[in-house]
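J.: One structure, pasted below without further comment.
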Amino acid sequence: MNCKRVLKADQQASARPMHATSVEGVDDMIQLGDLSEAGLLRNLLVRHRKGLIYTYTGSVLVAVNPYKDLPLYTQEQVKLYHGQKLGELPPHVFAIADTCYYNLKRYDTDQCCIISGESGAGKTESSKLILQYLAAISGRRSNLEQQILESNPILEAFGNAKTIRNDNSSRFGKYLEISFNQDGAIEGARVEQYLLEKCRVCHQAEAERNFHIFYCMLAGLTAEQKKKLSLKDAKAYKFLTRGGSIVCNGRDDAKDFGRIGSALKVLTFRESQSWEIYKLLAAILHLGNISFEETSQNNMDSSNVCSSEHFSLASSMLEVTDVLEKSMTQRSFLTNRETVTKPLNKEQAADCRDALVKAVYNKMFLWIVGKINGIIGKAVKEDSGSSHRSIGLLDIFGFENFLINSFEQLCINLANEKLQQFFVVNIFELEQKEYLRQGVVWDNITFSDNKPTLELLVSKPCNLLAMIDEESQFPKGTDSTMLYKMNQQHKENKGYVSSKNEHDSQFGIKHFAGQVFYDSNGFLEKNRDAISSNIIMMISISKNKLLHDIFKSELSNKGAMGDKKQMPTLSGQFRRSLESLMKALDACQPFFIRCFKPNKDKNSEGFDRELCMVQLRYSGMMDTVRIRKLGFPIRHTFKDFMFRYRVLLNTAVCDPKKQESDGACCQAICTALIRGKDQWKVGKSKLFLKVRQRHTTEEVEEKEKKKKKKEEEEEEEPFKEDKEFSFQKFCSLHFQGDASHTHISQRLREPLLAHQDERDSLVNVKWMFQPEDAREEDVLIGEGPTLDRPLTPLEKLHIIVGYGLSRPGIRDEIFCQILKQLMGNGDKEVCLRGWTLLSMCLSSFPPSQILIKYLENFLRRGPKGYAAYCADRLRRTVANGEREEVPCEMELQATESKKPMDVTVSLMDGRKFTLQVDAACTSGEVLREVAQKINLTDTYGFSLYISIMEKRWSLGSSGKHVMDSVSQCEHAVRQQGSEESRAPWQLWVRKEMFTPWHDCAVDPVSTELIYRQVLLGLKAEEYVCDKVKKRLKGKHLLPGPPLPLSRFALAINSTGVSFMDGKDTKLLEIPNVELTGPPPPTRTAGKDLNRVGATQLAFRERLWVTSKEPLKQPLLRTLTNNSELSTIACNAFYMGDYPIKHARSPMELTDQIFGPATQHPALQDEIYCQIMKQMTNNRNRVSMELGWQLLWLCTGLFPPSNSLAKHAHRFLKSRPRDPLASDCLKRLQNILRSPRQHPPHYAEVDAIHRNSTQIYHKVTFPNEADELFEVTSTTTIRDLCSTIATQLNLSSPDGYGLFMKTAVKVSVRALSVVLGDILKHVDFPATPSAFLVFFMRKLWFNVIPGRDLTADLTFHYPQEMPRYLRGYHNCSREDMIELAALLFRIQTDSDRSQFVMIPRMLKELVPDDQIDLMSSDEWKKNIISSYNQQMGITADEARVNFLKVISSWPTFGCTFFEVKQTCEPSYPTNMRIAISKVGVSFIDPKTKELLVMHPFGKITDWQTDNHHFHMSIGGLVQGTFSCETPLVNTGGDTLISY
């Protein structure tokens, strides 16, 4: 029915046409033509009807509660608003969050967001959305962001409740301060809480509920848990039914409880701690059901607790069985140093019980907040010296005005008055004062100021809260006396409404949001907030640990409980908290969000004009619109403005170099740039702009900078695209599916090109285009980065280029994905990263012949600077061949600057030359350029060498890539914990091959270089040897003729080896010798070690000999100041040379000697020195044998330091007779690659104890076969896997892994870990017989039954068959019959006579849970029938056929885990998780139905702790799944590997 309103004559006369902006509404109310209250209200109404809940008022956001879920907070919305200026996109809470983040990073200032509004206006939701947005854009730092997000459901559960106005009303104030590091990543957070409404635990108003946690706990605990706590449904408890509302529509208490439990686990609350919390909550509920009966004691009213089950249960849970009743029915107090006990009547006892309950709940809430802060604020606290900036989110209780308002409402409304004053000061007062100071012409705007109200409440002498505090200190003070004094003092105040008469207990205050009447009854008791000494005494003798923890401060001060003056009042504490909050806000740049309630009925369609008008008025929106429209909120000092926008200055108009003032130059910029003088003002030292002009100046600045940069770049001829070889054409010819040639924002769901190898199909380079602080996605599923920090640009490049170098089949896929991401991508920063990646890949490996023409054509269209650079990289790589190593740091820096690299090459005559090289440069090219510079013509035999840290090796003189060797040097430095850029490598040109020539005058340059090289070699004693009694023949040592001199020169050339004296007399000549290295000098270890003092020995040289006495102090001076390490070093000194008190096994001794050194690197040189000391001048054969064994073990654990290394080498080379010396030298070289983390394991010690250097370990396979494999001390899991795969003739070792099986568990090991460390970790203190090493398939990529018979029979069948019989797969009856026939053939080796045994063999033929599907006779009949159809196949063929059948199932190759979960009520408690190559599946174990499958791309994070596994799924508003399983580590490893 359409109704038309008829206007009266006077109304028609005053009516005017609606302004155009009010018809459809505007995003920013400053743009309204009708700046009246009706105009503002109409704008909100129009937008509300359109579903537009956000509206700007300048930089203030108005948010109208929609009372329904809206699709406004997706990951796409996050990307849309990230990096956009405020006002460029439609109003959104994300825009405010992004502006806060932008200002924090750009201006290095703290930010805060004050979210205000009535209860139920949506403040909490706005706060959560801002937090989620900041977590999404700031870059991930392990699981910290998730922990901060997960603190919300915990705090909401314990601090929020259903009220008549809001189903999720915050009953406490919260200020969340999020800290960021200098890179803009979240470093931590801290929660400050204000005034929890603890009285809600005992009393709720009509239609309201208690705190959420009580209802969630009762709905979410299992029946067994509720039985332990003797809990029933919510309706059974008085504390939960006093409001008459148990159910909250729109909330699922059971589901919420699951999320609370999950959040507690994410925040590392132990299960025992969670259970203790539930115990206290249960005790509170039982206490609420206790009743009291009246009695009389000494003619005084007293009371007793009525006998009930609830009382005994509460006593048991609080663990105060004997004293609980007395603490509630008596009160003790101190008078004249004597304790007096007074009995309490029935009502007083109930009040005492309520006080206990409120105190316990409040203290528990504070304890939970403290625990949360300890987790999410840990990093900031530990890194307190670093510079942090913060964004604060204030979500505090809204203005409240109920039928009955008590002391809590007074405090809440005081907080809102303070926030309103903060808003007024920032929006109006400070702004207008600034105009006055700067001399800007301005007509002051009158605005509503609430200063008088604040003066009444807290500022003036005898203010209300001061009077309440004063009356609380008087023992005889009552609510009536307090109210009488307040009326007398403030009855003349316009903001105070006195009581109507002496019997009226109410008084009123005229707040900024309206007049509120408060009931003074209970004011003093609530303000005193005292816990009686009886209750503190009861808690002190309780055995409940959590109860003691939460009352820790009260228990430590229980002696002062009787001193009233030392007890702070609640209002005093609250005022101090408010002052602290306001100081924090004053130090920040504030943003304001004004939340509005459209109606009181929580109706998504309703818009109550009157209610919204009231909110508009008291929120100051009308005045805000006026001052924002007329004012100049953007301001810069002249100096800052010139610094930022000088690029826009026309120096012909104003030139600062000619002494013209900054103010004049700023005015010149604005005059030229901004139209309209009313859009900007010039003050005394500042420039003032309208909001819209900030965007104008920034946009023009950016355009001008681009223009100037473009003019500075060299002009190049534009290339026309060759359509025959366009990338779009290549896409249409070769891309799979409907993949386009242009860039997409989502992750690729399938590869662009077809691949035979599944691993090649999973490459994804999109993550390389993300900022450094962005969260990395896996490059290859199963082989992506799993670090607890963001990867560096170099590490990202190593991963992508590393895959390209190791897998030629993946190269075109990498190039195509990069090209696709560059096509049509408007993000300049992203494109820059893309072109950098492309150039690095082109510098490392070439594309295939199919792609190269298209790639060359694409490069022609590249941006200036990169087009020619990348084309040259491609040309050079094709010419010189692909690289062997990943790029080095120098290459990345050169690529980013698009400039060649400078390297210094040294000659043997001392000269150095700086050459320009590129990534494809070879040793031959460097040599040719050096030869040209020095006029070297006879280059034969000269090579390029590289040296680092006393190591030197030849790069030859032909095609060896120079940058590959530099990359190796950087890797060596990185292994020692230093930065790549600090690698001290050096290039040399040296003569490597000497051939006879007869005329030195042919090339005097060559002769001079050789001469200088020989001289330097002689000085360095490279050719000088001590007397030799043996000679070389081939590689064997044989007796030879003695030499007459003790010192001689060794001459090596193309004809042989000659021994010369100092006068060029040939002592001995050996032709055609095969030389492996120069004979070592035979110096004593003492001289070598003391020669340069590198190892800082604590003893003189004369003491560097063997000793039979224990050490009194360490050998190294560096340890003498560390008492702990000194003691450990002395205890390690043993080689069988002195007696010990207790006999020890070899394992115990090696653990004592080497164990501490593996944990304390400072001890490692000490151990080397001790062993070499005992082996110097030691004539005890047994002792020397032990010494060599220990030295052999030591060289396989850790290397000596750089300063000790050369002395250790000389020590070993000087003892060539001992067979272990050469092996120790080899082990020293190998241990540099991967030092050990644990002392030697049993197999190592046992081998050397038997004087064997060969270590063997037995490896078991799934088919129960086993085999011995030789390993070394530095063999990694990857090395052993490769050895096993080669020895078994497997097609590839990829996808296999080593598993350690003990009596307790089976654990999987990472490929990069050294096998010896794993064996030691497992076998200590057990022997090898206590565990088995299994080699099994771990990742099921490229598994096609029949393609690799060895893998099928040894691994695939033995691993899959048990999973099938356990009932993990969902299969049809026909499949089970066919598989049972195949299994029968395998079990009986095709023996038909065994048919009769089929009924007894069913457990070996049919899944456990399917045996009852048919009778045993039916099974037998069907199995025989299927068996007969399989005639003519062998048992091995049956195994392969078995695999072929099950390989078609989606669960083939899955790793299954039986888990227990409570976080998702729609899933069964006992569930099965299956991890496969495509993702993680949740399966109902009873029905075997797939509940959900989460692809790896949707899994954003996971954690493991104890037996719990947590997984975050989704985008911005993430869901967290938590479960419990004893195989949590195996599950986490499998997920990471995939």
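The backbone N, Cα and C atoms fix where each Cβ goes, and this holds for glycine too.
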J.: Please find, within the list 210-232, 394-416, 578-600, the residue stretch that TrEMBL describes as region 'Actin-binding'.
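T.: Region 'Actin-binding', as annotated by TrEMBL, spans 578-600.
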J.: List, in sequence order, the same-chain residues at least six positions removed whose CB sits under 8 Å from that of Gly122 (ATP binding site)?
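T.: Listed in sequence order, they are Ala63, Asn65, Cys595.
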J.: Please count the residues of the region 'Actin-binding' (578-600) that DSSP assigns to helix (H, G, I), strand (E, B) and coil.
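T.: Breakdown, helix to coil: 9 helix, 8 strand, 6 coil.
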J.: Show which residues of the chain containing Gly120 (ATP binding site), separated from it by at least 6 in sequence, have their CB under 8 Å from its CB.
T.: Asn65, Thr163, Arg165, Asn166, Ser169, Gly398, Lys597, Lys602
J.: Provide the three-state DSSP residue tally for the domain 'MyTH4' (1106-1249): helix first, then strand, then coil.
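T.: Helix, strand and coil residues of the domain 'MyTH4' (1106-1249) number 87 helix, 1 strand, 56 coil.
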J.: Cβ under 8 Å to the region 'Actin-binding' (578-600), counting only same-chain residues 6 or more beyond its ends: which ones?
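T.: 44, 48, 57, 59-65, 67, 93, 96, 99-100, 103, 107, 109-118, 120-123, 126, 165, 175, 177, 192, 194, 390, 392, 394, 398, 414-415, 418, 422-423, 426-427, 606-608, 611-612, 615-616, 619, 621.
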J.: Which residue among the binding-site residues Ser119, Thr124 has the fewest other Cβ atoms within 10 Å of its Cβ, if you could check?
T.: Ser119
J.: Across all chains shown, how many C-beta atoms besides its own are within 10 angstroms of the C-beta of Ala121 (ATP binding site)?
T.: 25
J.: Compile a sequence-ordered list of residues in the same chain as Gly117 (ATP binding site), six or more apart from it, whose Cβ lies below 8 A from its Cβ; state 'none' when nothing qualifies.
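T.: Listed in sequence order, they are Ala63, Lys123, Gly398, Arg594, Cys595, Phe596, Lys597, Gln615, Ser619.
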J.: Give me the mean pLDDT over the domain 'FERM' (1255-1538), rounded to a whole number.
T.: 85
J.: If you take the centroid of the Cβ atoms of Gly117, Glu118, Ser119, Gly120, Ala121, Gly122, Lys123, Thr124, the listed ATP site, which other residues of that chain have their Cβ within 8 Å of it?
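T.: For the ATP site the neighbour list reads Asn65, Asn166, Ser169, Gly398, Cys595, Lys597.
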J.: Just jot down the residues in the same chain as Glu118 (ATP binding site), at least 6 apart in sequence, with C-beta under 8 A of its C-beta; none if empty.
T.: Arg165, Gly398, Phe399, Glu400, Ala513, Cys595, Lys597, Gln615
